[in-house]
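S.K.: I am attaching a structure below and will ask some questions about it afterwards.
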């Protein structure tokens, strides 16, 4: 069957989680809570940074962009899943699936690139502290973020367009709660050689290279930290990059878990849960990691919440 004829009537079925109605209700409440915490936490990070002039630095500029990317990343898959659970429908149109693949890939790549940019920022701050403000000037910071957006969108567009050339068979069931590109390729009746080449190319350029950059930055950071003699200097250096290192470990750890679980047991429940960790839990935990491990963020967030609850007391606290 030709692709044009298929896409007119072809809809994908997102098999998702349990069929039991009681379990579906429990999952709906759980995932809705996770989504609301993700949106609220990341919005608080953005509002805190924008409202405090002391946080108008390169590190927090990149962090606010990361929080925005996390909001969009979670919003690509979770709302559709919640609607499907509520309406007892598993269907997603071919066009809707393509849109989901595009945005899921774009914001996933953007997360990856922003973490790399933040690693470079920490490298400059610790290894070249005297030249930090000169190197990480506003123009370079803007270009780094703009470049991350452009590369992510172009890479995602390339992967999405290659799916348009495929035709699909009668089996349109995706064993996930969203249109995972690798699972969509498995349903194709066409030759997916070009798609696999594009996917491997994307993995290397937007996955392996950024991870190599992060590892190199931290190898230089740790080498520089080991040369610090004072305990206070060591504590400051570790506290400066501790939050970012935790987020990087969580992001790549869950991503690697998705890959390994898919390779070991394709379409298994374990692979599905790994995808939940990667696409939902990681964006939710990022704000907690940065707010709990960062003294500046905790102080600014406290002042923001104080102003929101008691405007007069917040003004007095700022003056004091």
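Just so it is clear, glycine is given a Cβ too, placed from its N, Cα and C backbone atoms.
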S.K.: Under TrEMBL, the annotation transmembrane segment belongs to which of these stretches: 272-292, 293-313?
M.R.: 272-292
S.K.: Quick one: sort out which of 197-216, 217-236 is the transmembrane segment according to TrEMBL.
M.R.: 197-216
S.K.: Per TrEMBL, which of 59-78, 159-178 is transmembrane segment?
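M.R.: Feature transmembrane segment in TrEMBL: residues 59-78.
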S.K.: Can you work out whether the transmembrane segment (140-158) touches the transmembrane segment (59-78), with the criterion being 3+ CB pairs under 8 Å where the paired residues are 6 or more apart along the chain?
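M.R.: They are in contact.
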S.K.: Counting only residues 6 or more past its boundaries, what in the same chain has a CB within less than 8 Å of a CB in the transmembrane segment (59-78)?
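M.R.: For the transmembrane segment (59-78), the nonlocal Cβ contacts are 31, 34-35, 38-39, 42-43, 45-46, 49-50, 100, 103-104, 107-108, 110-111, 114-115, 117-118, 121-122, 125, 141, 144-145, 148, 177-178, 247, 279-280, 282-284, 286-287, 290.
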S.K.: Give residue numbers and ranges for long-range contacts of the transmembrane segment (25-47): same chain, 6 or more residues beyond its ends, CB-CB under 8 A.
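M.R.: Answer is 17-18, 63-64, 67-68, 70-71, 74-75, 78-79, 81-82, 85-86, 280-281, 283-284, 286-288, 290-291, 297, 301, 304.
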